[in-house]
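Annotated active site, phosphoserine intermediate per Swiss-Prot: 102, in sequence order. What Swiss-Prot records for 102, 241, 243, 245 is Mg(2+) binding site, and it gives sequence analysis as the kind of evidence. What Swiss-Prot lists as phosphoserine is 102, and the listing cites sequence analysis.
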C-alpha cells in the first residue's frame, strides 16, 4: 500500500478546525471522492454521522463537494457506523460516508468511506482520491450537478435489521436492561431495538447535545453503567461507543465484561449451533485466557495487529466469520460487514435467553489474566527494542512466564513510546516482569 497523506487506517481523522478536519478540506474531499466515484459510473452516495456538533458543518461541506462533481448525496442523520455499512448495501449506493471519530471526545471528528458492499474502500480507490485531492477543483455543468435528499426512515430500517439478527423463537421479555449509548449515534436505535424485542429498558447516555458524546459514558467508561445496573437490580448493562461499532457489557453484579469475553460467548454459541465457520481472530492485545478457553473448545485462534481493519483482513484471509478486539469491536461477518455493537450485544443476549443463564455465568469461562501495561518514553532515534540488553531481559522474562503468561513489546506508531505489556495469572509476577523490562528500556535512554 502506498504512503498516504490523508487516509489512515480508519479514514481521515483529527481535531475539528485543524487541518484536515476543516470545512474547506471536507469540501475538497467530497469533490475528489465524487470525481473518482463518478468515473466508475456512480450516481449516489450515502452520508451518515454521529452526534458531534461538527457533523453539521462537515456533512454540508462534503455534500457541496460531491454535488460539484456530479454526485447526489442522501443524508441519514445521526446513525451508527455499522448502520451506514448496511444501508449503503441495501440502498444500492455506490459508497457510504461516515462522519465520526468513534470513541474520541466531541472536539475530534473524522471522515471514512464504505464501498458499495459495505466494506472499506479498495486501496486503489483511496489512492485515486488522494491523487485527485492534489488537483484544482472544477465543477460539472449546471444540469449535471448532484442533488441532496434525506432518508427519513433510515433509523427504522436499521432497527428492523438489528432485530432480524435475533433468533425468532427467542425474546427478551422479563429482562431488565440498562443501555448506555454514550450520547452518541445509537441513542435512538438501541433502546428501541431492545424494547421491541420485549425487554424493560433503562436508558443513560441517550441525551446528546453535540458536546457530550463519550463524556464519562459509553464503552470507554462503564463506571456510570455499573452503578446504574447495581442500583436498579438490572439483569445486564450494555455500553456502546459514540459511533456504535463497539460494545462493552456489565453483568448483574456490576462486573465489566469486555470484548474478549463477549467474543468467547458468541464463538461458543456459534459452535454449539453449528454456525461457527473456521475459527476466531483476535489481536495481539487479546487476553491469553481467551486463547486458552477457545483451545479447550477445539476452536482455532489467530492474532492480528491491533485494529478492527486488521482483524477483518485476517478473517477474510482465512474465510472465517468471527473476530474482534478486547476494546469491544466485534465483527460477525455473516451478519454485518463491519464491527456492530448492537448486533454483537444481541448475540450475547440471545445466548442468555437460550440457556437461561446470566451474563456472569456465560462470561465465567474466560477468567481474564491480569495485564500490566507500562509506557516508557524514549528520546527518539534508535528503537530500544533492537537493543541486545532489552532482548536479553525480555527473553529471560519469557522463560519465567512459559505456559503461565506472555509479553508484548511494541513501539508506538504515534509517539516516542515503548509499550511494555505483561500478562500472567499471577498479578504480582506480571507487575515484577513488566517493571524489569521497562527498567531495561529506560537504561537504553
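Heads up, residue numbers simply count up from 1 along the chain you see.
Each residue, glycine too, has its Cβ placed from N, Cα and C.
Considering only the binding-site residues 241, 243, 245, the Cβ with the fewest other Cβ atoms within 10 Å is that of 245.
Neighbour list (residue 102 (active site, phosphoserine intermediate), Cβ cut-off 8 Å, at least 6 residues apart, same chain): 10, 81, 110, 241, 242, 243, 245, 246. Note: the Mg(2+) site is recorded as 102, 241, 243, 245; in the same chain, 50, 80, 81, 100, 103, 184, 185, 219, 240, 242, 244, 246, 339, 341 also have Cβ atoms within 8 Å of that site's Cβ centroid.
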